[in-house]
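> Structure incoming, see below.
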Amino acid sequence: MIALGGKMIPCYTVQRNLACIQRTVGGVHWTSSCRPAPLLTASPVCALIDDKISIRGHFLPPRCPVTVCAQMQSDDGDLWEAFAHFNTNLDGTVNLTRDPSVGGSYLGCEPMGLLWGLQPAPGAREGLRLRKKKVETPYVMLMSLLKGHVSPSERPSTELAAVTAERWYMAPGVRRIEIRQKGVVGTLFLPPGPGPFPAMLDLWGMGGGLVEYRSALFASRGYASFSLAYIGHKDLPGPQNRINVGDPYFKSAFQLLQDHPQVYPDRIGIIGLSFGVYLTLRLANHSDIKPSCLICINGPAGSTIKLRDADDRTEQMENDQKYWTYDDQGNVSFRAVSLPANLSPESKVKLEHLTCPLMYIVGEDDLSASSIENANLIEETLSATGKSQLFTRLSYPGAGHLIEPPYTPNSRVSLWSVKPQKLATLWGGHLAPHAAAQEDSWKKILEFMETNLRH
């Protein structure tokens, strides 16, 4: 509020010159001809998910409170939103790259905070986790500039301006190819152009299905990438709650990449998250599989669950329930399952046989895997066998289990299963430090791949 003629006038009605003030007091809207209408810009408006964007508000009164809000729908139709409170600068602008948020989804200067700060909107379904299921379409982000310091759930509020931005995992020209060959189930992504390209085999965790978005982004950055399904997919042998494939399956997937005419056969790396770490290390241990590098994110060097054996016998994941722990809300943590002491001795990978560079990424607040302990085990084993030069550790305080490509929100807890019982699992991680970990680790992952797959 500003004193004007003995009255307290909201700062939004104060204009830069007396003529504007007089017209405003006389009832003319504050976005009159003396100043252009408020404007919100995002640059670029179409970008890859790991690209930064610049968000700015223009033509606003100086030193006044505004809110910048971001909203988008997931592929499942759920609304996610984030918002931040700002005070405009003397020149009537707000610049998220420069200016600190004083309230809302995050605090301080965080240029991408509106993206990694997204959370399910009030009233949304419980246990949501944001994951891109249709990589051939973008996330469409609606960003709004609102009058005052408000929350999106407090509508109606005065919208001053808006802009829409698209966030893609697939760059123009990237090719998505479904693979169903020799029993192998996955999706191959190829960069634009004839190739040949260096490549990655992409392995996720026990959540199952076919997760494509990281591979799509690798292809957008110039690497062929093969996302492989191994549990919980309709085109794999059942039942879906078991791993019904064994070592030959994963070797076939690697060899499929090697044999592809647009892939360099001697420039292939493997990346694994969670249980995918165990599969990555296990596959690299085979004498006839020679990856150029390994990237392991928050996972074990062994398992309590057997892969399909020679007699086609498998085990359910639930067989390791004796190591499950629960918080006060009944959410399950799988962290103790992968403590080195709890891993079956015969399953532990013979780490001393590894011959290629290995990057291990640790979220120090991981509540789903014993990442610190497994990183220690790997580092100590390689050091004892004179191979310490192969090992790189990235460790992030406050980061949880799900370290993924940057500028996407973390879920500290999400729904794990509905049948036979509804169960939510703990992943760990706090929004701001987890976001910082994703940004830094992704940059270093790409540098690691550049060093080991292109040179």
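Using the three backbone atoms N, Cα and C, a Cβ is placed for every residue, glycine included.
Take a look at what TrEMBL says about it:
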DOMAIN    249-453  domain 'BAAT/Acyl-CoA thioester hydrolase C-terminal'
ACT_SITE  Ser274  active site, charge relay system
ACT_SITE  Asp366  active site, charge relay system
ACT_SITE  His401  active site, charge relay system
> For Asp366 (active site, charge relay system) and His401 (active site, charge relay system), determine the Cα separation and express it in whole Å.
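Cα-Cα distance, Asp366 (active site, charge relay system) to His401 (active site, charge relay system): 5 Å.
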> Over the domain 'BAAT/Acyl-CoA thioester hydrolase C-terminal' (249-453), what is the model's average pLDDT?
93
> Whole-number Å only: compute the distance from the Cα of Ser274 (active site, charge relay system) to the Cα of His401 (active site, charge relay system).
8
> Mind giving me a neighbour count for Ser274 (active site, charge relay system)? Other Cβ atoms within 10 Å of its Cβ, every protein chain shown.
26
